[in-house]
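Working notes, beginning with the structure itself.
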Amino acid sequence: MESGPESLQPLEHGVAAGPAPGTGSPQEGQQETRLAAGDGPGVWAAESSGGKGQGAAAGGRSLSDSASPAGSPQVLVPCSSLPRLDLKESDLESPAAQKEPVRGQHKVTASPETAEAGADHGLGPEGDGGARPDPAGTCQEESAAAGSSEPSSGGGLSSSCSDPSPPGESPSLDSLESFSNLHSFPSSSEFNSEEGAENRVPEEEEGAAVLPGAVPLCGEEEVEEEEAQVLAASKERFPGQSVYHIKWIQWKEENTPIITQNENGPCPLLAILNVLLLAWKVKLPPMMEIITAEQLMEYLGDYMLDTKPKEISEIQRLNYEQNMSDAMAVLHKLQTGLDVNVKFTGVRVFEYTPECIVFDLLDIPLYHGWLVDPQIDDIVKAVGNCSYNQLVEKIISCKQSENSELVSEGFVAEQFLNNTATQLTYHGLCELTSTVQEGELCVFFRNNHFSTMTKYKGLLYLLVTDQGFLTEEKVVWESLHNVDGDGNFCDSEFHLRPPSDPETVYRGQQDQIDQDYLMALSLQQEQQSQEINWEQIPEGISDLELAKKLQEEEDRRASQYYQEQEQAAAAAASASASASASASTQAPQSQPVQASPSSGRQSGNSERKRKEPREKDKEKEKEKNSCVIL
């Protein structure tokens with residue numbers, strides 16, 4: 001609920017927080033104690049005990065001695081209706097509670113004065129309700145029993161029975177000291193208060209020095225376990241919650257985290273958070289590896305509340321509150337995508353939308369490079385001062401027009417959009433290089449995607465947030481030097497680095513290198529075995545000439561080898577032919593000898609006849625062989 005000018009009354013210490021005239025809460029009978037969690041200062045909403053009927057404000061300083069008369073019921077409004085609550089952090093937390101809590105948990109502290117005031121008014125164990133967590137719904141039942149004029153309290157602390165503001169109304173910005181109070185984004189302490197209530201009971205029984213109903217602070221050895229519990233609780237309550245991995249880099253000689261992206265899509269939340277992380281405006285716990293989208297939103301909201309101006313005029317304050325209210329309404333879109341409508345006349349010219357207020361409040365520049373070259377007159381005339389949405393509508397209307405000039409303009413505008421589908425032109429790249437300041441951290445919009453960008457020594461670099469490079473320590477930035485998107489990877493100091501180390505070269509490339517090396521070795525050994533005289537090769541010969549000579553030598557040896565194979569085949573064929581011929585001549589002569597035995601004279605004649613064809617066959621074979629060799 002926005003606070004009007006007539007209700008802007010400062011709340012001084014020692015004065016009871018009563019309702020301003022005309023600013024009563026519509027649900028005063030069901031209000032409950034609200035505790036601000038997170039890194040910012042905590043604020044307790046002032047409430048009255050249902051048993052005593054007296055108002056007590058719990059904060060860094062006790063307001064029990066207020067100006068309200070004893071015994072008179074006083075209706076106190078929640079934090080959302082307080083017009084201005086300027087409390088310092090030193091007044092809100094006791095010295096014992098200065099220790100920074102582990103992210104994902106929210107510290108709940110109370111000063112000794114507050115504890116004494118709570119005991120006097122029935123807020124402690126001696127009171128009617130005690131300071132223990134109530135199950136969901138008990139706050140409303142006690143409130144109904146006590147009456148609508150006296151808001152009841154089941155204890156001094158409660159986070160499970162929150163009563164959010166009515167839809168359409170945003171809480172006052174001065175009363176929000178932590179982003180966890182926003183009903184749109186429940187904090188991690190609410191998860192623990194509902195789902196981890198049973199886990200806190202044994203710790204209280206063991207004598208842990210923790211307030212009842214509070215989230216206990218864990219030691220360094222329990223950080224990982226508690227983060228896992230918070231992550232599991234967030235997944236249970238928000239099944240569609242996104243989880244992001246954290247990559248730690250050495251940025252300007254300091255260990256700095258960046259949030260990686262698991263899916264490619266429009267996620268301005270990561271681009272904004274990475275700008276704040278690289279600027280050291282937002283810090284994460286050391287060695288944190290996983291973070292949820294809800295935690296990122298909480299970090300961002302706390303930073304927005306911490307950076308609100310303190311000393312400004314009334315008009316500026318009202319304007320800032322209106323902008324903050326509009327920004328809170330669109331914060332949930334940061335996880336999916338913002339409605340950004342570029343104009344083609346400047347790198348920082350966008351059509352005004354509520355989404356752009358987020359960048360203005362965070363003081364983060366937003367750039368794009370989709371510009372029209374002013375030297376091309378027909379495109380300048382066709383596009384004009386239109387935004388992207390207006391240009392699309394103009395193209396549709398021009399196509400349906402009967403005027404040939406309008407049809408031509410629509411065609412030129414359509415060609416411009418088709419030719420610059422990457423949403424980056426060379427003219428826009430030149431304008432970006434000249435506009436972005438040296439060392440500036442900003443957000444770059446291109447292809448419906450938001451990236452973290454910086455400028456180093458006159459060159460633009462985009463932060464590599466792809467989860468695939470999570471373990472690549474030397475791949476941090478990617479150069480933006482052309483419109484094709486084929487930049488070079490660099491490390492955190494903007495030195496060119498390959499995507500992988502030499503030890504982790506792609507296995508297929510390594511196998512190919514090994515095969516080529518083995519082939520070269522085999523050729524070298526073969527050449528050495530054939531006694532190639534390398535001394536005859538001149539020293540100044542080029543690689544091409546050497547390759548030609550080696551190829552000629554190889555061709556000569558191959559032809560010689562083929563000739564030898566042909567000669568061997570011809571010799572084998574002639575030998576088989578002679579064997580078959582001799583077998584055919586021996587067959588008819590052997591039959592008479594076996595049929596009738598002859599005398600010694602006949603046998604001598606037969607032996608002569610056998611020797612003659614043999615000699616003739618040998619002569620024929622010699623002639624054939626000599627012909628083949630020639």
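Cβ atoms are placed via backbone N, Cα and C, with glycine included.
Look at Swiss-Prot and you will find 1-209, 564-630 tagged as region 'Disordered'. The active site, nucleophile annotation in Swiss-Prot covers Cys267. Here Swiss-Prot flags His449 as active site, proton acceptor, drawing on similarity to another entry. The region 'Ubiquitin-binding domain (UBD)' annotation in Swiss-Prot covers 508-560 and is backed by similarity to another entry. What Swiss-Prot lists as compositional bias 'Basic and acidic residues' is 606-630.
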Overall pLDDT for the region 'Ubiquitin-binding domain (UBD)' (508-560), taken as the rounded mean: 69
Of Cys267, His449 (the active-site residues), the residue whose Cβ has the fewest other Cβ atoms within 10 Å: His449
Cα distance (Å, whole number) from the residue listed as 'active site, nucleophile' to the residue listed as 'active site, proton acceptor': 7
Mapped DSSP class for Cys267 (active site, nucleophile), helix or strand or coil: coil
